[in-house]
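Engineer: Here's a structure for you.
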Amino acid sequence: THTGKKPYQCNQCDKAFLQNSVLITHIRTHIGEKPYQCNQCDNTFSLNYNLIQHLRTHTWKKSKQCNQCDKTFSLNGYLIRHLRTHTGEKPYQCNQCDKAFSKNNHLIRHKMTHTEEKPYQCNKCDKFFSEMIVLKDI
């Protein structure tokens, strides 16, 4: 809108949006939904933009070398994230308990245990679950 007002407010954080479709996409970051699958590996993403960025890693030259093992990466951010597997660094701290995680999406999923959020419904038994992976096991 021309007024600058953002009428679509996220009920999980303080962000607001001009369009409802953008809010719906944003909510995926809170619930951990990742509908965009890479067709070249097992990675999934909550935003199509992130999938597009990721797809470039399959074609870019992998010039970022891990100094702990033989893995190489096309983006420095991926190398930094990988290095946590060697160092054990867990920079994503839960603000409700003392658990920490190496990846932000793991923290987001963990936070649902505190809120008892269960956004995923089974279409066979109508029960709700906090993680989509549980539905794949049913």
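Yeah, the Cβs are placed from backbone N, Cα and C, and that goes for glycine too.
Sharing the feature lines straight out of TrEMBL:
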| type | residues | note |
| --- | --- | --- |
| DOMAIN | 8-35 | domain 'C2H2-type' |
| DOMAIN | 36-63 | domain 'C2H2-type' |
| DOMAIN | 64-91 | domain 'C2H2-type' |
| DOMAIN | 92-119 | domain 'C2H2-type' |
Engineer: Give the mean pLDDT for the domain 'C2H2-type' (36-63) on the 0 to 100 scale.
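Structural biologist: Summarising the domain 'C2H2-type' (36-63) by its mean pLDDT gives 86.
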Engineer: Short question: which residues 6 or more past the ends of the domain 'C2H2-type' (92-119) have a Cβ under 8 Å from it?
Structural biologist: 29-34, 81, 84-85, 128-131
Engineer: How many helix, strand and coil residues does the domain 'C2H2-type' (92-119) contain under DSSP?
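Structural biologist: Its residues fall into 12 helix, 4 strand, 12 coil.
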Engineer: DSSP helix, strand and coil counts for the domain 'C2H2-type' (64-91)?
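Structural biologist: Counting residues per DSSP class in the domain 'C2H2-type' (64-91), I get 12 helix, 4 strand, 12 coil.
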Engineer: Counting by DSSP, what is the helix, strand and coil composition of the domain 'C2H2-type' (8-35)?
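Structural biologist: Across the domain 'C2H2-type' (8-35), the residues distribute as 12 helix, 4 strand, 12 coil.
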